[in-house]
Amino acid sequence: MAALLLLLPLLLLLPLLLKLDVWPQLRWLPADLAFTVRALRCKRALRARALAAAAADPESSESGCSLAWRLAYLAREQPTHTFLIHGAQRFSYAEAERESNRIARAFLRARGWTGGRRGSGRGSTEEGARVAPPAGDAAARGTTAPPLAPGATVALLLPAGPDFLWIWFGLAKAGLRTAFVPTALRRGPLLHCLRSCGASALVLATEFLESLEPDLPALRAMGLHLWATGPETNVAGISNLLSEAADQVDEPVPGYLSAPQNIMDTCLYIFTSGTTGLPKAARISHLKVLQCQGFYHLCGVHQEDVIYLALPLYHMSGSLLGIVGCLGIGATVVLKPKFSASQFWDDCQKHRVTVFQYIGELCRYLVNQPPSKAECDHKVRLAVGSGLRPDTWERFLRRFGPLQILETYGMTEGNVATFNYTGRQGAVGRASWLYKHIFPFSLIRYDVMTGEPIRNAQGHCMTTSPGEPGLLVAPVSQQSPFLGYAGAPELAKDKLLKDVFWSGDVFFNTGDLLVCDEQGFLHFHDRTGDTIRWKGENVATTEVAEVLETLDFLQEVNIYGVTVPGHEGRAGMAALALRPPQALNLVQLYSHVSENLPPYARPRFLRLQESLATTETFKQQKVRMANEGFDPSVLSDPLYVLDQDIGAYLPLTPARYSALLSGDLRI
């Protein structure tokens, strides 16, 4: 009915709209309308769930925080339905509920809770009967850490697996915040993360104990409760969490223990990737966790689907979108601890996978694999994710289709998300007025030289025209908040823009440049810090990379800017990885960039590597590569320089490097 009410006035206005030449956008109206209706239904369903939990008995397991009541509900409604597949292990929703209940009770014991009834009204911090934890607990751990307070933060340093999920869910049920720590961090970065989120405890995988040994004195000095997850835990001051949980009953935990005072309260911390510095602990609210229950619903995924997830759980894409999104629809998730391109299609065939959650690099790894029989006999109908480049998109569909690719855009700490629900290749979303009515955002003009939005005489920002790159911003509101980061308030200063369209308004600054085309499709253009300026022109590193990646002998390309003495701006440099068994063809490469890129956008330097440096989530390391420069006496990789006079890429020898610095070699 809602769809008909929206469609009727548009039909009446159709003749006028055709005269105004808006048909390029109107042709996508059915898809826009269908997604809008789905989004409205999703919002209504999430609101109904939240209201039902709020009205439930505080003693019931179906009250409290959204993770607690959603899992309890699914355990009651579909107890035998498979929730998790991990290797040869299978866990039903009822088993997930019981395992997390044991973990919750182990943590509640560390809080001093003994299972009494609650004392007063909803939202109170009273917990019923609470006493100090048994005296032997702290002594056994060799720590003087006080009992965990309600709302204390417990950091997880765990690989993707069942233990990660049961501990995360158990912490939520126990009324404790969780901090997901990237598993590769050690020494200074690890201690920084623990301090920045105010962690009171750390749960670590036993397999990490050896590499963490140098950090243990500092961890003990911080007064942390220390737990490990395995029978091999025999290090002084570290207890075996799973052993403690095994001693607990698996009965449901009262919901009031996890009920937030406010839905905007911090539920957990997720650390940014740290590509430009130390990671920041993004605050994730209870509202955002609830909203993430709707992710797969918005993507058209259903309860009977089987979702393949091989992304790190310490990032939002794996935990909130993958796991919480799966809980939102009650589906099954196949959790792979580490992505393997050679095993992917065999896994999909074995587990009858229908949905695959990706980041762009995973799809590129798949298309670069040798053909296999399993890739022709699968049931995958939908791939959902972000960061898929157009050339890989086309190759992926041509080789593995028919299936749908649903590209999305979003940020861990952000308040805006986009969905390309039409399948248009290369687009990250739609900017239809229907979509922006539900998920408001704008593209504003941006000066890459000053690093600031362009403002008019009144001091307000201006929206971009079709085809013009613009900074993506979204209004901060009660429905779309920005909570910032744990620690000093100035960490979030650059993420907020004020007086954008009117005095007093506040918008979230994504730091990303997007382009909206004539048909209303959004295309990722560049990160504001990644756009380089050379010869007085702006160069989008992503566009240059996409051009080079069409060469059949290149498997991976990373474009970044380097400072050249005697020149303004930053010159483009391309780190290249070859596609085996191909060889680097400098003549073809120069011809290709000359034909497809303007002179100022052509890379001045090439660096040939066996594989390109990435973060744990496969994001390319641009800052590090830029800092390493192009000095052949420092770098062992083969280097090449563009000689403008000759019109060719030549080996960057020490002699040519000296000629470049003296100005004798023109680039």
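Positions of Cβ are set from backbone N, Cα and C atoms, glycine also.
Swiss-Prot lists Thr272, Ser273, Gly274, Thr275, Thr276, His315, Thr412, Asp512, Arg527, Lys619 with the feature ATP binding site. Residues annotated as compositional bias 'Low complexity' in Swiss-Prot: 130-144. According to Swiss-Prot, the feature region 'Disordered' maps to 114-144. Sequence annotations record features per position, and here Swiss-Prot assigns transmembrane segment to 3-23.
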Sparsest-packed among the binding-site residues, when each Cβ's other Cβ atoms within 10 Å are tallied, from Thr272, Thr412: Thr412
For Thr272 (ATP binding site): DSSP state (helix, strand, coil): coil
Under 8 Å by Cβ from Arg527 (ATP binding site), same chain, sequence gap 6 or more: Gly511, Asp512, Leu513
